[in-house]
Amino acid sequence: MESGSSIDLSPLDLVAAILQGKADASSLLSLTRSTVSDGNGDLLVLLATSAALLVGLVAALVWRRSAAARTAEPPKPLLAKKEAEPEVDDGKRKVTVFFGTQTGTAEGFAKAFAEEAKARYEKAAFRILDLDDYAADDDEYEEKMKEETLAFFFLATYGDGEPTDNAARFYKWFAEGKDTGNFFEKMQYGVFGLGNRQYEHFNKIAKVVDELLAEQGAKRLVPLGLGDDDQCIEDDFTAWRELIWPELDQLLRNEDDVSGASATYTAAIPEYRVVFYDHEDSRIQEKKNANGYANGHASYDIQHPCLANVAVRRELHTPASDRSCTHLEFDVSGLGLHYETGDHVGVYAENCIETVEKAECLLGLSPATIFSLHTDQVDGTPLSGSFLPPPFPSPCSLRTALAKYADLLSSPKKAALVALASYASEPSEAKRLQFLASPSGKDEYSQWIVANQRSLLEVMAEFPSAKPPLGVFFGAIAPRLQPRYYSISSSPKVAPTRIHVTCALVYEPTPTGRIHKGVCSTWMKNAVPQEESSNCSSAPISVRQSNFKLPMDTSLPVIMIGPGTGLAPFRGFLQERLALKDAGFNLGPAVLFFGCRNRKMDFIYENELNEFVEAGVLSDLIVAFSREGPTKEYVQHKMAEKAVDIWNMISQGGYVYVCGDAKGMARDVHRALHTIVQEQGSMDSSKVESYVKNLQMEGRYLRDVW
């Protein structure tokens, strides 16, 4: 915790506190004398006094933010959206393909579907649209959507049943808007969802959109497609896509039109045009400040991150631990990057040098190779027959490209195997790659690649004759390296110029014997902070808004459950409560259930947590140690021991927060909460389910899980 930091509470914050009943006027009047300059103090006293007199009249009108039932809107883009190109009435049936994507997979499927559909149906015009680019506001969504007659939606579900950043505005308008009756009666549609069956809210966004479209008059062409990334989502997409063609044949092809009906479609392998440069040429240099970072702009998003230095890095585990957890602080002073307690930070880390050198060897190229990528021909006409993502900033060296932009450690998709097969000079290797990518090789792919967690580099090493050119490697084989998201473990009330991250090192063996090192966690562990060197580490970062917030009424009870690095957002919560307490706010009770293996090894932030207890911002610290006693003890066991207290806090309007592993811990905690409600509330199982659902709908049961 940053000691001695000033509390960032504005005069309007203080006046609002009176209006919202979180503090009395007398405490705030005394506080203003010590926190506000003489020039503003008298004005604030007048404002505070007036507010106190009016509080009885306006309290019922004060709007209180609901922390759940709203989807946080992503930051506005830096650049104004392009004006939509006017549609030309060429007599063709208009088909719109929408996508909501977080990592690019949904966008890739949308483009692959549209490319094949274009080849099949020459009398139709296909548009591929990012849902965020489709409309500037709710009115435009309403105006344009009601005119769509044939549309397909590719929608990923992210986090705890949330829409992706670029689908957040659309989903908020679509799912939370007023009942519009048969609003979509003109539309025929199909929906394909991308999710992971291990998560509770599997494909929630696609399910909601599919159901609401049908309820509001749209005609479903094919059943909802449920892509499962826990298995082979490409196979799910292929199976769903094959259901569509017979339906589109009836809609988009005349009876006498047999062109393309029986033709076999072969997708083109995406390939950038590559220009190589003499690295000795003084005109071609890598410019560190010209690689897409948005430093200096008023707002940022994950497509426009800002470059932030690492200010502090320290190990949180003791030397007795065989694992590692890093506390890292990004310096955001002067960048104009702001965050709220409970938000997430997206971090673009680099591949470690060992991984990069392995890739250079497999590609057979010098790390000093300077090149640029292009999506057009030399004459400026677009490359046809492919769906290339925008190229990363170039010219750059091969080493830079592999370190910053290429995902080298994930398992390769089947489309990547097809591309590798096309450039394998050894026939047996090409045949094996083609088999793994084929429907008949489905089981072999699932076992040899997915179950064994083989990375792209491992697969390339198994097929050494496959030497794809750089345009194919970056266009069709190596996906773009994605940002890693972390729950911010600080509060801007205490650390306004720092974003704190709490990150456990990913270092584990795979079935093949390879040691998998997490890209971002390894980078953080090895980062050089400003406090050690002026030549410190830095990374592009951005803030993603979250609904994981403390209640607006600070007097309400708070229950926090977060083992391991799940503690991160609660550290920010407790910093926030400390700032509010120092400002005179009335705080309700707060209980933290934390879990780790052993007090002497991995009890992270132990001293800070004890200080929060002593300061009165944490009422009870309850720790489960899973490796100390004869039996393993976890947070859900401690919850059972405190069942009466938990039920009393919930009954008093308390909020329940859970952060951590979605597949294990969060499920166990969810079951424990059901048991507590059933036993302490004397409810049957059906009423328990309804009660917990209502807590979620009211924003009083929130989860930040991964």
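Placement of Cβ uses the backbone N, Cα and C atoms for every residue, glycine included.
Sequence annotations record features per position, and here Swiss-Prot assigns FMN binding site to 101-106, 156-159, 194-203, Asp229 based on sequence analysis. Annotated NADP(+) binding site per Swiss-Prot: Arg323, Thr565, Ser626, Arg627, Lys632, Glu633, Tyr634, Val635, Gln636, Asp668, in sequence order. Residues or ranges marked as FAD binding site by Swiss-Prot on the basis of sequence analysis: Arg484, Tyr485, Tyr486, Ser487, Thr502, Cys503, Ala504, Gly518, Val519, Cys520, Ser521, Trp706. As annotated by Swiss-Prot, domain 'Flavodoxin-like' applies to 95-245, with the evidence given as sequence analysis. Look at Swiss-Prot and you will find 303-551 tagged as domain 'FAD-binding FR-type'. Per Swiss-Prot, transmembrane segment is recorded for 43-63.
In this structure, Gly104 is the one among the binding-site residues Gly104, Gly159 with the smallest number of other Cβ atoms inside 10 Å of its Cβ. It is Arg484 that, of the binding-site residues Arg323, Arg484, Lys632, has its Cβ surrounded by the most other Cβ atoms within 10 Å.
Put simply, Val519 is the one of the binding-site residues Arg323, Ala504, Val519, Tyr634, Gln636 whose Cα lies nearest to the Cα of Thr101 (FMN binding site). Within 10 Å of its Cβ, the residue among the binding-site residues Thr502, Ser521, Ser626, Gln636 with the fewest other Cβ atoms is Ser626. In the three-state DSSP assignment, the secondary structure recorded for Phe202 (FMN binding site) is coil. Checking each of the binding-site residues Arg323, Arg484, Ser521 against Asn196 (FMN binding site) by C-alpha distance, the shortest gap belongs to Arg484.
Non-local contacts of Phe202 (FMN binding site) by the CB criterion (under 8 A, 6+ apart in sequence, same chain) comprise Thr157, Gly195, Asn196, Leu226, Asp228. Comparing Cα positions, Arg323 (NADP(+) binding site) lies closest to Thr502 out of the binding-site residues Gly104, Tyr199, Thr502, Val519. In this structure the C-alpha atoms belonging to Arg484 (FAD binding site) and Gly159 (FMN binding site) are separated by 12 Å.
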